[in-house]
Amino acid sequence: MPVVRKIFRRRRGDSESEEDEQDSEEVRLKLEETREVQNLRKRPNGVSAVALLVGEKVQEETTLVDDPFQMKTGGMVDMKKLKERGKDKISEEEDLHLGTSFSAETNRRDEDADMMKYIETELKKRKGIVEHEEQKVKPKNAEDCLYELPENIRVSSAKKTEEMLSNQMLSGIPEVDLGIDAKIKNIISTEDAKARLLAEQQNKKKDSETSFVPTNMAVNYVQHNRFYHEELNAPIRRNKEEPKARPLRVGDTEKPEPERSPPNRKRPANEKATDDYHYEKFKKMNRRY
């Protein structure tokens, strides 16, 4: 009988372990790269120590702005520098960054700028560098006292600035996503509150209805109230005084009454009834009053 050899699989532990190590190294390198990119994108909190050590850079343009025509020091005036001194400012204003535009639109307050300003003013005070404008105090005349306002009339703008700062600080706080569970809870609580409010309103209506007071109280009020309204466009009628009797005198005689025509008397053709005429005249007289 031929001898049958059993075939056994050889272990490939070394090759698989090497592949796993390579994959783990690639993943680790990718993670490190992403972390470095995230760190570069992060905005540094507060004022950096390097910026404080370097201090404020004094540009050459400041000297030109202070004395462009060299009236104090003397010398030749460079007309090229005078013409080109405003170009850099325009280019800087045009290059608006995303952070500055976003903070301006959302009314966000830059705390670092305020901190730097405070540090600069405190350093100037300690070094004794005080601005000349603060030291200059104009002597007051007798007429200047007339233009001064008392303290009770002065409008203080401190309240407005405090409100503005509080709004800016609130807008600078980042929003935190609470998740779907919190939103669902809020929706459920609002629906429960609506149902409770509707139930309370229905109960109030049921309690208010009684057998003595009708439900259509407003309709009854309007129906009965119409009799108390005065007529606005009613014609104003004058009270006609009755004619006073004339006093009798000696020698007065009663006037003879006109002769009454018999009822069956024939009227002439030109004689017409005057009822319509007098009726129209009476209507016109009533319209006047």
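A Cβ is built for glycine as well, from the same backbone N, Cα and C atoms used for every other residue.
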- Message: Where Swiss-Prot marks phosphotyrosine, which residue is it, choosing among Tyr118, Tyr147?
- Response: Tyr147
- Message: Can you identify, from 5-58, 59-112, the stretch that Swiss-Prot calls region 'Interaction with SNRNP200'?
- Response: 5-58
- Query: Quick one: which of Thr161, Thr253 has phosphothreonine in Swiss-Prot?
  - Reply: Thr253
